[in-house]
């Protein structure tokens, strides 16, 4: 029986009921304060909404007015600029008429009156204003004020303009600028006009007359009317003195009225040249937003306005909507505050009732719970009360515990810091925590408990006042858990070391419970939730999954208790393939149905990989093993050995006849002799090589055996243990390498090394009187085929060439490929040059026939150099050199031919090499110089640009022209660096020339095809600072012949730099017009051959005229090259040619003389 419960100690202050009543009163007082705060917050929120809405509306009004001012300023700016441009156009028209008068030599009042009164003058005036609808008429008034010419009619009416504004204002104007008169209303059609008049002055200052343009003000009003403006919007054009010229909406009664002295107009002028303001209208008194544009070159002011009422109309609608919304929101806020207060009071009453119920239930729990219970004051952490079970756990009485002790006083000292930290962590969060800890009794015994702490009471501010603690005795459970944990640790260590995991499979639910080892092996989730059979099987390779399921189904159908099987998985963590062995035990019910299985999973990857690696090594190395038992006469061999030899599969031993049967007879005799000698010497190991004819497919294979011998007591052989290795691939590779070392891999022909060996053999025969010829063959246009059609087609072409060459040669001749597109032939038994000539002719003709390759018809040619032995040389190097010189001569003379070696070829080659060295030295030491020949604009007869022409200052030969060295430079690859130097030098020179003079630089096809051309030109422009528009790049039609797509792309990239592209030597090719259609050239240069024959050939003249007409239609400038005579120049001018270049104007000059030439012009 339970012992009697000791009486509870008296509470030091009020009873629980008094405390509860006080708590309820405080809660009520707090509720009232919270209701007041809600009302204050609601009122403040309403005030903030009202103020925010008001500020927002004010800001929106200001922003709307500001945006309208910007809109009106931009509108006035656009319209003002348009009006000013219109007056500029009329002003330029009058200036052009003055220039025309000066060009016509009108320099006296008499000439003014007589020459301008003609019908031609009237037609000229009418033509000049035909495209200007704003100009009604153009008048010419002489110095006496009499109307001389008019665009309206001829002859001009006899009208005296003296005393009228168009004449008087211009006559009295001291300067040359035009003057704008006031508006005048036509008596005929009632339209308003103003005059822009300008004085006409002779070269000696004599006043000749006036040019006056009548400008239709209705034109501007019509344009303003087409604008989409509001009903209160206006656009007006004033003279700077305030006189109104035009207005929309039209108000005729105020046209011509001066507003210059009104305060409003003065403020409008002050807002210029481009600004905005808000003012009341001078005409209708309406407040408007005004945009102003004051013209800079004419006394004009453009004013665009919108009524403020019209601008603010949308804002007023929004303000009304916002105000209504704010009032509704204020009403909703008030209702929400009242409702919240009412709900809060109801919640307080409900909370007080729950608190009373909670305390009653807590008292009952304290009295009857089997767990240790305690309630602690949160502030002091002292016990307020404890139950009997807590006293038993701690070994203390209730009086001791509630007399100033804390829970930390009864804990084990080692656990106090941890529990204090848990308590601090829980404060301010959930104020709840759980922990396992030890209690230290007064007698020294320790009790394990599981402590759960929570809040039992809170103050009005929500802070905890008291905490309740629940303690369960777990001493016995803790001891049992420790014992089980120790056993599991030992088992886990053993399983981890052996990489073994365990599992249990419930067949009813399909769930599999497995340990961490199984999960790690299969890559399954690391938590403890059961795994489905589907997830387990999903880790297996598909081929193994089907096999495993079949094996398990078979075992369960036969009620087999145990099963061992293997499978493979792809581990998801690292993707590696792992081999698993499964050992399982099935459990069956009374009816024989399987209910569960339990088993172990073992990782056997290492052992399986070792076995596979050994098998793989034997397979890759083509290695098999055997044992020859000399006692029984039987041979045991591995499956690898059987497969290599082609013997039947199986494990039955072979006889010696079966083992040695596949070996070739000639090799078998050698092996037997070798073995007999080794056994006589009592050798411990032997090595033998032989060939066999495989029994399975009859193929010939090479083998090597390495054997270790066993001997008896009398040194009689007992047996041999060894390996057999298939070395066929190695032997074939060695033979292939030996062949490749002496043959061309693409064509199979002898290479340079084997060719020289054959040449040495032929020279040896030549010493015995047998002459021969060496022919070096170079394919013409092979590089073009390779570059345009690709290397595969180029390779196919080389093979096809090889086939054709072979058909023309004898068995005794040697054909070799020396590299690239160069072939060589040793023609044996040649006593006369005619034999070599005949062969060369056949080869050239044969290779000139088109080739059909991969849907492409390829046409090439060949050039051949021939050297005869022993006449042209007695050594291989001398003969090859002689044939090479002859080949060079054949290529230089037009290709598609053959040439024999001649002694003077060597001297010419030496001179060529000397020139090559001089060229390279000149590029390094600055031996090149640019001359410039001017290009003349035929309209102004002034220099419009200069063409850069390269010269070589040779130390011995003097000034060398490009024709003497550029072909060699292109052949040896110097054309690109020379071209880069020319570009850089020409840009640097042109940057120092005055004005907008252009410099022209020629680009060769090789230079144009260079990949870095665009970057080189951009760098030259950047370093020199030359405007790209001043650089002209001249290309010939040869540039456009190859790879048109890439050529056009490069031309467009150059065009994007801003440079000008010129087609040079136009008309000499066959596709000139096609190129003009494909790319927009800036200029076309007519070839000098047409210019030279202009006076003798009607065809050349017709071609030049056709080119100039075509280029004129395409807006392309034409330049004629090679102009030498005045007659040629006259013809070119008549044909409409834009520019000319030639010795008629100037010979090419050094860069230092260009500034003098420009100064002289």
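Positions of Cβ are set from backbone N, Cα and C atoms, glycine also.
The feature transmembrane segment is assigned by TrEMBL to 35-58. Residues or ranges marked as domain 'PAS' by TrEMBL: 348-430. If you look up TrEMBL, you'll see 433-486, 563-616, 686-739 marked as domain 'PAC'. Summarising the annotation, TrEMBL assigns domain 'GGDEF' to 770-903. Positions annotated as domain 'EAL' by TrEMBL: 912-1161.
Highest Cβ contact count with the domain 'EAL' (912-1161) among the listed stretches 348-430, 433-486, 686-739, 770-903 falls to 770-903 (criterion: pairs under 8 Å).
Note on the domain 'PAC' (686-739): DSSP counts are 12 helix, 30 strand, 12 coil.
Taken residue by residue, the domain 'PAC' (563-616) breaks down under DSSP into 12 helix, 30 strand, 12 coil. Summarised as a single figure, the pLDDT of the domain 'EAL' (912-1161) averages 87. Applying DSSP to the domain 'PAC' (433-486) sorts its residues as follows: 12 helix, 31 strand, 11 coil.
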